[in-house]
Amino acid sequence: TMESPKYELVIEAKDMGGMDVGLTGTATATILIDDKNDHAPEFTKKEFQATVKEGVTGVIVNLTVGDRDDPATGAWRAVYSIINGNPGQSFEIHTNPQTNEGMLSVVKPLDYEISAFHTLLIKVENEDPLIPDIAYGPSSTATVQITVEDVNEGPVFHPNPMAVTKQENIPVGSVVLTVNATDPDTLQHQTIRYSVYKDPAGWLEINPTNGTVGTTAVLDRESPFVQNNIYTALFLAIDSGNPPATGTGTLHITLEDVNDNVPSLYPTLAKVCDDAKDLRVVVLGASDKDLHPNTDPFKFELSKQSGPEKLWRINRLNNTHAQVILLQNLKKANYNIPISVTDSGKPPLTNTTELRLQVCTCKKSKMDCSATDALHISLTLILLSLLSLFCKSFA
């Protein structure tokens, strides 16, 4: 309790038994008093009040204490603990190092509908132990009364996310599922309305009253909006509070494959010399956007060839590739070879593609296809001119 923990004493010594004729010497003795923890910290009041909104975290009240020991020492610094009223570990308390106050915080959001009031018993001690003759008394504990304010909370979807499995190409208007959202504000008796929040492909709709989700377009597994066979959409549940609160639900639709894509052929252009010795013109590949078993093995076929003699054939190499082979050298020109590719789906789908074959003049390892291009362009212009004359005559 001293204002300054320091004594300064002046010591005087005299010889000759202290007689006046003797000589005198002086010295200064400085004595520093080390503080011991002989004062327990005491709350400035027995009860503290705090108010917090449900769903909010952070500091809600600062608890103040007094301690007569030397500030900024272990005998003065306070250590707070919650000794009752915190079974869910929703609260924590820490010491403010500058003010020595206890900062009481909510670390897990509180729910008004579960409990509107909480009572905590807080104890304060020092970092250093008290000396043996001193003990913590009733003033080293305090009560904190916490009132939870009701807040309009958004509805909650059950479950979230929601998951269903559907075949692609199900009829428009089919029911996907019925979502379910409940309002946590059970004491307010609010109604819930549903709406579509994010529907990237525009395939879905939802009944605003009962939450039934239906299709407004054909679901397509091969759409760019589908990732790993899953289409994702978001829905809102909006309560009737003032202001209204909103909850968001996620729907994952796993789309099962249907054989709805014809196979495609590549490449569609090939070039060969009119005097070529190797008449294996090109290796063709086929691909299909569908999944197994609606894709390969593919069946490759040539459409019927016009004329008395056959000019080419096609050989299957494996499940996805085939080779076009000329049966003889051809004159310089453009040829269209119709090739059909059939997948393994049930029922199978077939696509016919024309392979454009350019037979070119080759000299000194240089391929000249200009004449074939010109011939093709000339034929095209002739056809366009004839079509124009026909249209004028018809008009």
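Cβ from N, Cα, C; glycine included.
TrEMBL annotations: computationally assigned, not manually curated.
What TrEMBL says about this protein:
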DOMAIN    7-43  domain 'Cadherin'
DOMAIN    44-157  domain 'Cadherin'
DOMAIN    158-265  domain 'Cadherin'
DOMAIN    264-375  domain 'Cadherin'
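Away from its own ends, the domain 'Cadherin' (7-43) comes close to residues 63-70, 73-76, 78, 122, 124-126, 128-131, 133-137, 139-142 of its chain (Cβ-Cβ under 8 Å, at least six residues beyond either end). Residue counts for the domain 'Cadherin' (158-265) under DSSP, split into helix (H, G, I), strand (E, B) and coil, are 0 helix, 50 strand, 58 coil. The DSSP breakdown of the domain 'Cadherin' (44-157), given as helix, strand and coil counts, is 3 helix, 53 strand, 58 coil.
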